[in-house]
Every structure is written in C-alpha cells, then in structure tokens.
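Asker: Dumping what TrEMBL says about this protein:
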| type | residues | note |
| --- | --- | --- |
| DOMAIN | B:30-98 | domain 'RNA polymerase sigma-70 region 2' |
| DOMAIN | B:127-178 | domain 'RNA polymerase sigma factor 70 region 4 type 2' |
Amino acid sequence: MSIDLRPPDPDEPAVRSPELLRLVQAARTAPAPVLKVSSDAVFAGFQARRRDSRRLYVGVGLAAAAAVALLWARPSFMSSKTGTFEPVAATTVEAAHTAPPALAASVRVVAEEGPPTVVRGPWQVELTEGRYDVTVAAHAGPELLQVETPGGTVEIAQGRVLIVVAGTRTEAELRTGVATWIAPDGARTPLAVAPAADDDAIDPAAGPSELARHADALLAAGRRDAAIRVLDRLVSDHPDSPPARAALLDLARLLKAAARTDEARCAYALYLERYPAKEQLADEVEGALARLGPGPACAGLRPR
Amino acid sequence: MTTRAAVRDVESAAVLAAAQDGDRAAQAAIFEAYKERVARQVFRMTGDASSVDDLVQEVFISAFSALGRFRGDAQLGTWLYTIAANRVRNWWDSQRRRRRREDIASSHAAGDVVATPEADFEATQQRERLYRALGELPDKLRESFVARAIEGMNLHEASAALGVPISTVSYRTRRAEQLLCAALGIPWRDE
C-alpha cells in the first residue's frame, strides 16, 4: 500500500469494500447486551483493589523499614575485630507486641491437610501446601475474602471453596456461592459451582456439549488434569461433534502445559489428521507441533 | 440511558473528588451515567456479549482507582473510552478468551445450538467472521477500524477518542480494511 500524503477527506467512507461492509453492518446492528453488572459490584471491586494497593504500600514500607533497621544494626553484629559474630548484649528496642490479626466472623478456614492457615487480615489469608475448606458466610458488607496461594488468588464473595495447593499449583473447587480465580497476571475467571457428587466421574451418557461445558468448569476451577480427562473423552467418543475441534486444540495445549509433551504431540498430530484445512488453523497447529520437536510414535498414546 | 444532564452532573469536580475518595453514591452516579456507553463500546470492540459485564466492571474499577490522574483536559467520557480500549486490548491478548470464541464459533458453525431465525443466524455468522479477523489485527489498526466502521464515528470523533491525528485514523482504518479483506478472502480495491 502506498503512503498517501494528501490530507484525508473528512467525509471519506470508513469502509470501501461492499463485501466487508456487509459484515460490518451485521456488527453495527447487533444489539448491545443487557448489562447485568451493578454499581454495587463495581464498588466492591474498587474496595478490594484499594485494599490490595494499601497492602502493597504497607508491605513495601515495612520491607524498606526492615532493610534500614538491618543496616543500622549491622555494625553491632560486626563489632568483633576477629570478624566473628558476637551476640548483642541487649536489644535497645523491645519488639512491639502486636496481636495476630483475626479472621472476620463470617470466615472459616479449615486446614484438612497441611500447615495451619496464615491469617494476614480479617479478609485475607495465605495458604501453603495442603488441602483447605474455606467458607465465607453471607455478610452485609462488600468485603471479599482474598485467599492467596502460590498459584494465584481465590476471591470469595460468599460460599464454600475447597482449595488444594501442591507446589506452585492450586486447584480451587467452588461448592456453593460466588468466587473468582485471579491468576498471577491479574486475569479474573469466575468459578463455576462444581457438582456436589464426585465430579471427576464423567457421566457415560454425557453428550459432546455437556462434556465441553464440564471441561470448561474444571478449567475454571484450576483442575487441569481433570479437564484433560474430560476433553480426551470428548475428542475420542465424539470426534465428529461440533465442539470436538476446539476441544482437541484445547487438549493439546493443556497437555503441553502439563509437560505431557508426547501426548501433546499426538494431540496436535491428530488435529492435523482430522482438520487439515488452513481455515481450521492447520498452519498454527503445524507450528506448534514443530516447536515440540520430534518424539515417539503415537501408538498406545492418547488421544486417539 | 446516558443523558446530557446526568453527564454534566457527574463531571462536576465535587462528584469526581468524592468518587475518588471512595464515595459509593458518587461512584454509582458516574457508573449509571456512563455504563451504557461503555458497554456499547466494549461490545462493538469485542463482539462478545458474554464478556461485556466483566469488562465494564473492570473499566469502572480501573477508572475509580485512577481518578486522581484525571486532569479534566478531556471529557470524562473520552477518558473512559481510553481506559476501555486498554482493557479490551488485554482481552484480545488473552488466549483463554480466544479459545472460548473458537468454541462458540465452531458450535454455531455446525449448527449445534441454533435458536435464532435464519437471518439472525446469518448475521451472527458474519459478525463471528469479522471479529475473528479483527482479533488478528494489530491493536491500533483494530481500534481505528472499530471506531470508524463499527461505532460509526467520523474522522474527527475517532481522532479525539483515540488521541491520534485525523490522518493517522484515516491511514489506520484503510490499512485495517486492507488486512481484513485479505484475511477474509474479500477483494480489496485501493481507490
């Protein structure tokens, strides 16, 4: 395209191609959805963000103060001419006694396995390795419980969430109520309520759409391995169904993310076998497959 | 609906200052005055009705958190437009959202769940095609094209909303059209 140095005509049309204009008209005439979010929800979110910001400032301030105190105290540690540390005879300042923060009355956290919960404030807890049952009873105010874990944060407005922390991985399962998963990059995903029964069990009569929704719910709850099982079932049992193509792509991505490289390679290969056309993203998939590098044959590996 | 009176009221310094301090009523007034406009903008920019609520909420939370930086050089509506455009950029960047779009598109394409009349279904298909291609455009080209072509702004309005010269809006819109035509297999004529 050549660069046109003439000033634009103020009345120039936004779209010149009649064919493209038809698509644009379809977008223009689409009615905007009815907005469900309320000013109360916005206010609650604003309050939560403000609390987070304050905590950040306080944390930075405390860290700076601790660093200054350490620098100040260091000469007394190093007072020996031999260079060895000597015990400080007496501390000049007694550490201020502060009561540990207590959780809000509406909040209950039960550590079923693992160490006790670290309470950071009435509406903030930190979980390390283990399994926890977290309940936030209905309350009048806009407060949201922030459950911080190595894998991200679970924000609970009200309800019960089962949280399992293993290393840097966190699985959150919403049993009742309203909660949101906040990834480390800040992306927010509302959690779907998991079925009360054994939700790992896949209904043998479930159709492809139900399986796709089930996998979505498991993913939203951070349960990648369970989602992989459901997607595997979808692409294997319903290969010709409409959701199968996206499901196979999702399955490959999830397997790759789970470091199950050989299975991811097979999933991408199966995708190309089933959907070789360019408009079906075959180019993109070929690239992804190439990036995984060579590997063993897929015989005996899923998905098939 | 947004009314001129409502907009004038919420743009008063007192309301803005109160909202910045976390005054619930002031924030609610601003939200009510601008929510429809922001929702329309977000919907036009993403084409995804299911994400509008989340994005509108994020836009207003970001705006209230950053009100201290609002100098009043532009109108509050223009400032909100910029915040919404930034949030939408993040949205397009999100692979998860894109995958969801793929799910929706593929299920619609194969007629898995079709509860709309034929004409509506065709329009939905056309929108899906357009937004898929829009998602592949660079942010700045997409924003110019959406402002001009889908939101129906003239060059001056789009220039003010996007904060770039008119000639830049014109160039970006035409370049976007060229790329969209190529992606969609539509002939493009540079007149």
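Cβ coordinates are placed from backbone N, Cα and C, and glycine is handled just like the others.
Annotations in TrEMBL come from automatic prediction, not curation.
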Asker: Take the domain 'RNA polymerase sigma-70 region 2' (B:30-98) and count its residues per DSSP category (helix H/G/I, strand E/B, coil), listing them in that order.
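Answerer: Secondary-structure breakdown of the domain 'RNA polymerase sigma-70 region 2' (B:30-98): 59 helix, 0 strand, 10 coil.
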Asker: Can you check how the pLDDT averages out over the domain 'RNA polymerase sigma factor 70 region 4 type 2' (B:127-178)?
Answerer: 91
Asker: Under the DSSP assignment, what numbers of helix, strand and coil residues are found in the domain 'RNA polymerase sigma factor 70 region 4 type 2' (B:127-178)?
Answerer: 42 helix, 0 strand, 10 coil
